[in-house]
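The domain 'Major facilitator superfamily (MFS) profile' feature in TrEMBL is assigned to 34-257. Among the features that TrEMBL reports, transmembrane segment is placed at 30-52, 72-92, 99-117, 123-146, 158-176, 182-203.
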Amino acid sequence: MDNESTEPFEFSTHLLSSICEDASSVPTSILILSTLVAVSGSYVFGSAVGYSSPAQSGIMDDLNLGVAEYSVFGSVLTIGAMVGAIGSGSIADYAGRRLAMGLSQLFCILGWLAIAFSKVAWWLYIGRLLLGCGMGLLSYVVPVYIAEITPKDLRGGFTAIHQLMICFGVSLTYLIGAYLNWRVLALIGTIPCLAQLLSLYFISESPRWLAKVGLLERSESALQHLRGKNADVSEEAIEIIVYNKRFSISVDLKVII
């Protein structure tokens, strides 16, 4: 008799917990906004990659460049990307995800401006190198930031937007570049950079990074902001703290070994 009376209660409790878990997986407006701000950097990545093809004939004619010189302009982007990628992890861990994205956009803005106002080939190379540095930093920090702010049930779908926006940036830049002057196209490239740079103030820092550097109260506050004011984030906050402790212990063990 007692077992029969407790079964409906246990079922109701299980159902309620399931509903709460599903509710925590519903993306909030601030989560969507934060993701859109982050992936505007992914668009910048794609636009930098797609720029060299539609701009080739205009740059070669206006600056009297040969095929070999323009090939340097196209390939120096990857050199800058390697430089940016090497330091991306350290910068994002030391300064935070938002500041790392802001720094990357400063590189990209300077790069686009150097290309747009260049009179000689060297300024083109410097601008392209700066763009590559920004790309290398963005390639790491954007997917990491998105993965760290999203619930685990939504993480895969949200991080896939990073790749989608890179492809979108390549395609759109190639399309509009067929109708615009190469200098104008470079100036247009600064628009998404400025959009992300100005929008970073309005999004939350990664709760996982805040917890990693010991700012636990700010971490829980950022997590609450991302999940909604009525969401119960205590379990996820504890999970983040436990993960960071395990990670720090494993790093210490590797150093000792």
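Heads up, the Cβ atoms here are built off N, Cα and C, so glycines get one too.
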Averaged over the domain 'Major facilitator superfamily (MFS) profile' (34-257), what pLDDT does the predicted model reach?
92
Contact ranking winner - 72-92, 99-117, 158-176 against the transmembrane segment (182-203), Cβ under 8 Å:
99-117
